[in-house]
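Asks: Here it is: the structure, laid out below.
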Amino acid sequence: MAKSKFEYVRNFETDDTCLRNCYIVVRLDGRNFHKFTEQHKFAKPNDNRALGLMSRSARSVMEELEDIVIAYGQSDEFSFVFKRTSTWFKRRASKLMTHVASQFSSSFVFYWKEFFGEDLPLLYPPSFDGRVVLYPSNRNLKDYLSWRQADCHVNNLYNTVFWTLVQKGGLTTAQAEERLKGTLAADKNEILFSEFNINYNTEPAVLKKGTTLIWEKRDETVTKCMKLPNAEEKEVVVTRSRRRVQAHHCDVIGEQFWEEHPDILEDDNC
């Protein structure tokens with residue numbers, strides 16, 4: 001950048017470098033998505049097209065920023081975890097957050113037709129707000145992801161019962177809200193089972209557990225044409241191992257997931 005007498009204005013910039021040896025979590029939330037889902041006629045209580053689009057957008061972010069070791073999403077939110085040793089954008093919080101938010105938002109628009117088709121056009125641009133939070137230990141990070149997954153379960157159980165009462169029980173939204181006031185998880189499960197013969201435990205895992213994205217190695221087999229010394233060509237099958245972003249709809253609160261994927265977390269003594 002060329003020097004000039006105006007360069008002093010850079011002194012007004014705030015240092016927002018993230019503390020070292022901490023996981024950097026960028027969480028995005030859909031802004032005013034209640035209105036967005038209504039105007040785009042999303043299915044209630046869950047729209048599988050929208051959930052698929054959210055996951056595809058999140059995968060786009062991970063493929064662009066490979067220091068993200070795990071991402072977790074549910075409903076209209078997604079959390080992205082940068083490894084604690086990441087030096088992307090010199091660990092500047094504003095750079096990380098804005099890049100994640102812009103990549104996710106543009107991907108959401110770019111892949112819209114892939115999930116909603118031509119019959120449901122995007123009526124106006126969606127937006128996502130973001131925040132950056134630092135977690136210094138593996139326990140802190142695991143508890144954060146557990147918190148988000150517990151939130152997924154609580155919200156989905158409520159929404160499932162609420163919209164079942166409206167769509168199958170004939171209640172108004174106000175009546176359904178009043179019916180569920182003060183109920184516990186066991187009460188909601190009982191309403192679903194005894195009144196509508198719905199076993200909540202058999203609901204799809206993506207709805208109850210959310211979506212966890214991680215990097216995994218996958219063997220890919222391709223056929224290549226190789227030239228032989230006699231100028232002839234021969235087809236050869238080649239197998240390569242590549243890192244790909246894979247989706248899981250599983251429990252992250254217990255230890256099994258972390259034991260099966262020990263490469264996600266870094267040593268607390270780093």
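Note: Cβ is positioned from N, Cα and C throughout, glycine not excepted.
TrEMBL feature annotations, pasted as is:
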type	residues	note
BINDING	D29, D76	Mg(2+) 2 binding site
BINDING	D29, G30, D76	Mg(2+) 1 binding site
BINDING	D29, G30, R31, N32, F33, H34, S75, D76	GTP binding site
DOMAIN	6-136	domain 'tRNAHis guanylyltransferase catalytic'
DOMAIN	140-253	domain 'Thg1 C-terminal'
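In the displayed structure, how are the listed features positioned relative to their neighbours?
Replies: Counting only residues at least six positions away in the same chain, the Cβ atoms of S127 sit under 8 Å from the Cβ of N32 (GTP binding site).
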Asks: An 8 Å radius from the center of the D29, G30, R31, N32, F33, H34, S75, D76 Cβ atoms defines the neighbourhood of the GTP site; name the other residues of that chain inside it, in order.
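Replies: For the GTP site, the extra neighbours are F36, T37, E77, F128.
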Asks: Given the binding-site residues G30, R31, F33, H34, state which is nearest to D76 (Mg(2+) 2 binding site) when distance is taken between Cα atoms.
Replies: G30
Asks: Provide the number of Cβ atoms within 10 Å of the Cβ of S75 (GTP binding site), excluding the reference atom itself.
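Replies: Summing over all protein chains shown, S75 (GTP binding site) has 21 other Cβ atoms within 10 Å.
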Asks: Give the distance between the Cα atoms of D29 (Mg(2+) 2 binding site) and S75 (GTP binding site), rounded to the nearest whole Å.
Replies: 9
